[in-house]
């Protein structure tokens, strides 16, 4: 009997170690694979929300028999509303996105998508289409949640991998959507109304995907693990030495540099919870001031804002220009094919930046000047030509050059910054770009301003593209006069 008890005792003890080892192994495997599910869901959301085959044919749809609007109403009364709503929503949405930890804002984006296309399908009149543009402005302002969400649910060693997935899936979806839309219109004779119905189905599925996203436990600014710690400075980010992927989170970095005075909020560990938001906002303001104290970052950021404003303006009104050159009611429309080729060329030129082995600190401004001149030349071509094919070619060259330059500018801005400061500068630069675009819209486009025709508007953007790099190069000449670049421009 004692022998039997001994055997039972042994069989109960031996598996305990084995079970503990198995449990530890399963926890490690879970930790290694917990990035897969949120990455799959967010990529599915990105693919479905970008899969909009009707978007390349928006202007022909609005000016066609479905909505029966004039080209002047579309240009001077409807499209400007998107710019105004984008400006009004961008800054509060940027802060709310982080404070709400991304998922609620992704749900808001999905709802805005659905409302946009429901109104686009079934509403009529100028006022209704202006409401459409307002909700599309909400969609655009909430895009930051898509790109920021994944960093809150995966570890830093996965950042580069998931970033490539999230960005590439949207490029693939945009290309497929443009090709599909063109094939359906040209070969199958599908109406623009049914194209918009397909888009509504796609964005509705994207909204459903958003509900399955895990709720993040942290965010970049308001819900950091150590909220009393100041955002890592650019000098610390530079010390890490890696620029191939996003920099590490604050908890992976060293302590703040000695030359920065301690922030008052660090001394208040027991501060009231309601003062937390104010402390974060004050710290964000200080970080912006520190970042823009670098002449290099200031110049590249200013060019980034000017170029993005012009690019968004062209993107917003290019279909109007095409319809002006070749009216959709009497000519074949190839908007989808052109957009597909433009997306492919933009992706190729962006990838080319990573393959070119040159010193961008020394050659970046020269490259910026050359390609900005090419951008301006393509816009002048679209302004002066009456040939729709030349207009298409000018747009392809414009988008390819812009994507090439914006990749260089993004790298120049991000290379010495932590992820938190890069996100902050990206948000603020984008806000400045929308302010510039709004001023351009109010003065040049809006019917209450000059209300110029679309061809003249393109020439204004071309002049901006041509002069902005010249101004920046003139401003930066003293820094390059002695033929050397400071080792740490942000120190």
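Even glycines carry a Cβ here, placed using N, Cα and C.
In TrEMBL, the annotation transmembrane segment applies to 134-154, one of the ranges 50-70, 71-91, 134-154. Of the candidate ranges 254-277, 422-445, TrEMBL annotates residues 422-445 with the feature transmembrane segment.
Scored by C-beta pairs under 8 angstroms, the transmembrane segment (396-415) has its highest count with 332-354, from the stretches 166-187, 297-320, 332-354, 422-445. Remote same-chain residues near the transmembrane segment (193-215) are listed as 37-38, 41-42, 44-46, 48-49, 51-55, 57, 61, 66, 101, 103, 106-107, 109-111, 113-114, 116-118, 120-121, 149, 153, 181, 184-185 (criterion: CB distance under 8 Å, separation of at least six residues from the stretch ends).
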